[in-house]
């Protein structure tokens with residue numbers, strides 16, 4: 001190993017870099033720099049360039065490089081001005097030799113990823129990650145260093161820009177005056193843009209043009225650039241993929257015979273202006289990069305133009321280009337870009353393979369914030385680093401969970417925070433997506449109410465049944481949606497509450513207590529304890545719930561949903577058994593008839609077993625010999641029984657139920673991801689994705705109706721009366737039970753309030769995570785206050801107790817996700833947040849309450865279809881947590897990696913934390 005480089009030698013190397021030491025490294029074989037321009041003191045190899053480039057970040061010195069200081073200062077300037085850089089659309093026009101002479105043609109474009117005009121110029125390629133040679137970046141650095149740089153140029157047309165750039169170069173004696181006319185003529189030629197058209201439209205336009213004899217005029221390369229946008233620019237469908245407010249960067253590169261050295265110019269306009277027919281889409285232009293020169297290596301100018309375009313797609317360099325004061329700032333931006341590259345060695349991969357865009361891009365704000373923190377840390381010593389370590393060691397407390405120190409202080413803050421948004425919670429729901437969410441969550445809520453109502457009926461001897469579950473869900477849910485702090489929450493009975501109800505009923509039955517009266521006092525005590533928790537701002541304790549606790553709770557509830565749906569389907573085999581020993585040769589032995597023999601004394605039969613003769617109609621008058629041909633229902637009504645080898649087997653129903661179950665689940669998953677496909681227009685794909693669950697339900701309900709099998713259907717009560725006739729709609733506090741039971745009820749109420757508090761608040765924390773980008777704030781205290789008051793109402797009416805349902809609430813939020821309408825080719829639509837409103841939940845619970853009147857329609861929905869929806873909800877909730885997908889925090893800390901093909905590798909050595917984050921994120 002060699003000895004460390006002395007500090008004074010490093011300083012000399014840095015001075016040499018500032019004086020232009022990179023120029024010779026480009027090499028005379030490129031045609032961009034002549035070997036005559038190389039001084040004896042400058043390095044003469046490509047390795048020397050890399051050494052000069054990386055000297056400011058050497059492992060032998062701890063100082064921050066000059067480039068990093070410049071970039072950090074510009075980022076600080078942007079932060080102080082509270083400014084943001086618009087999205088850039090970059091296009092590359094190349095000057096090509098055609099049979100009609102020199103002609104500008106668009107060969108590539110970028111928004112986030114690169115698209116090339118395929119060979120033959122017929123279509124655009126698929127978006128892909130740009131791969132460059134490291135050599136082209138060094139060439140580009142030299143171009144910026146030696147070329148003309150005009151920042152904040154005041155010009156309003158492309159012609160003015162060209163004239164001013166040529167005038168500057170003539171004044172600086174880098175361009176001969178006699179070349180002015182030729183160069184202007186070449187630069188002002190109208191470019192030919194490649195627009196995506198259907199084959200039918202292309203044929204029609206060609207036919208019309210040939211008939212009118214104007215085909216030559218449409219593609220005339222001699223025409224100058226129009227100062228107004230052309231018709232095809234204004235109607236270009238690609239414009240829909242570019243968000244409003246975007247700006248254009250134009251890159252022009254090519255070879256001409258009359259130049260003996262490169263004509264290079266980087267221009268940033270003072271104000272973004274439209275440059276007429278120069279751009280593919282009619283957006284204002286901000287940056288221009290012009291590179292014309294003599295004959296060079298094959299595609300040398302093309303590769304440098306691609307390198308410039310790739311730089312401009314980088315979020316960090318975009319900010320540098322916007323805030324740069326001179327060429328040294330631009331060079332510093334290039335140096336920072338070079339510092340973060342990952343280089344692939346030649347011979348270890350195929351450069352012709354295009355790398356597809358990743359499904360999830362890292363946040364550029366993380367990377368920019370890291371650069372800004374490093375610069376501040378260098379300026380302020382270790383102060384910023386200490387603050388960062390403190391911030392990472394202690395979780396930030398949100399505004400909703402800060403204690404006021406006053407009784408009901410948190411509740412008052414929640415009301416004040418939510419009140420300004422109240423009316424917008426209704427008109428924000430005026431969107432077709434909300435209609436889809438209403439249908440989806442309504443069916444899920446009805447199915448859940450029937451399921452828990454049936455289990456409650458079994459556990460409490462029908463003191464609480466399906467109708468009570470429907471009524472309680474409607475009253476509690478609608479009230480909560482009207483007044484709660486987080487109206488996206490869906491209330492429902494939960495498994496732990498069901499277990500407590502079962503134990504409470506058994507205890508009441510064993511000790512001869514009135515179950516509903518005992519339950520009323522427990523509910524009153526629970527409400528009292530809940531109000532105490534609200535008054536003392538106990539909800540602030542949820543800030544100590546770790547992410548692992550939230551994820552574990554969500555995973556448990558999701559697995560319960562998956563388990564219950566599968567269990568329900570397997571139980572169908574008991575109700576509709578399958579004859580696993582069926583043999584096709586014994587088909588003549590399989591029969592089932594009604595046997596009325598052995599029914600006993602006919603007089604006794606008439607009094608005890610047989611119904612009113614009028615109710616049996618035509619079947620009552622049948623002879624005994626013919627009664628064996630009765631159907632199952634009439635046979636059982638007449639007191640008979642079924643005899644035969646096939647009476648207990650219904651194979652079609654069980655198998656068909658599983659087809660409906662799995663088909664609904666898979667169809668829902670497929671249609672939900674349909675928005676990511678390449679088929680049909682974007683608006684239609686998004687509409688199908690929003691209505692994916694409803695479409696899946698309708699499809700398989702239609703399949704079931706067409707086949708006509710008697711699969712189990714959704715059964716809804718048709719009469720509005722208590723399930724158990726021994727009870728009423730109001731529970732009186734004093735009656736059968738001793739008076740002291742109202743005091744004893746406080747003991748089990750403590751267990752219930754712990755259960756309610758944990759279930760409610762953990763769900764609230766999950767729903768109010770930062771990644772959901774909620775704008776209207778949370779209401780932890782207000783939500784618990786509403787649940788406590790509803791506990792009083794449901795206890796007095798003998799209805800089930802309700803708390804936030806994690807999985808259904810997550811499904812509700814998932815159905816209301818907002819995504820960007822426009823997205824760059826190859827880029828996934830950006831998640832913009834949740835459509836926060838109260839109307840969807842309110843309508844869902846109102847429909848649940850009126851389901852008694854919708855029974856004639858709901859009876860056609862097969863239960864296996866709804867179980868398939870439950871399975872989808874469980875899988876969707878389970879797939880959204882970090883335990884199953886890996887940490888998105890690691891992914892967000894991932895530093896943007898662009899793959900480059902070269903023999904060199906450049907990396908920053910003195911940023912250990914930076915490197916570890918990038919390596920761990922790349923590994924994950």
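Please read every residue number as a count from 1 along the shown chain.
Quick reminder: no glycine exception, Cβ is built from N, Cα and C everywhere.
Predicted automatically and left uncurated, TrEMBL annotations should be read as such.
Feature list (source: TrEMBL):
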COMPBIAS  32-46  compositional bias 'Polar residues'
DOMAIN    222-351  domain 'Band 3 cytoplasmic'
DOMAIN    406-883  domain 'Bicarbonate transporter-like transmembrane'
REGION    19-46  region 'Disordered'
TRANSMEM  437-457  transmembrane segment
TRANSMEM  469-498  transmembrane segment
TRANSMEM  518-536  transmembrane segment
TRANSMEM  548-566  transmembrane segment
TRANSMEM  653-671  transmembrane segment
TRANSMEM  691-718  transmembrane segment
TRANSMEM  738-758  transmembrane segment
TRANSMEM  779-803  transmembrane segment
TRANSMEM  839-858  transmembrane segment
TRANSMEM  865-885  transmembrane segment
Return yes if the transmembrane segment (437-457) and the transmembrane segment (691-718) have at least 3 CB pairs under 8 Å (sequence gap of 6 or more), otherwise no. yes
Which sequence-distant residues neighbour the transmembrane segment (865-885)? Criterion: at least 6 residues beyond either end, Cβ under 8 Å. 440, 443-444, 447, 547, 551-552, 554-555, 557-562, 564-566, 568-569, 660-665, 668-669, 693, 696-697, 700-701, 704, 714, 806-808, 810-811, 814
Quick one: DSSP breakdown of the domain 'Band 3 cytoplasmic' (222-351) into helix, strand and coil? 48 helix, 33 strand, 49 coil
Can you work out whether the transmembrane segment (779-803) touches the transmembrane segment (548-566), with the criterion being 3+ CB pairs under 8 Å where the paired residues are 6 or more apart along the chain? no
Which listed stretch (469-498, 548-566, 691-718, 738-758, 839-858) has the most C-beta pairs under 8 A with the transmembrane segment (518-536)? 738-758
Counting CB pairs under 8 Å, which listed stretch among 548-566, 691-718, 738-758, 839-858 touches the transmembrane segment (469-498) the most? 839-858
Sequence-distant residues near the transmembrane segment (738-758) by C-beta distance (under 8 Å, 6 or more away from its ends) are 496-497, 500, 504, 513, 517-518, 521-526, 528-530, 533, 538, 784, 787, 791, 801, 803
Given a Cβ distance threshold of under 8 angstroms, which distant residues of the chain, six or more beyond its ends, lie next to the transmembrane segment (548-566)? 451, 495, 661, 762, 765-766, 806-807, 810, 867-868, 870-871, 873-875, 877-878, 881-884
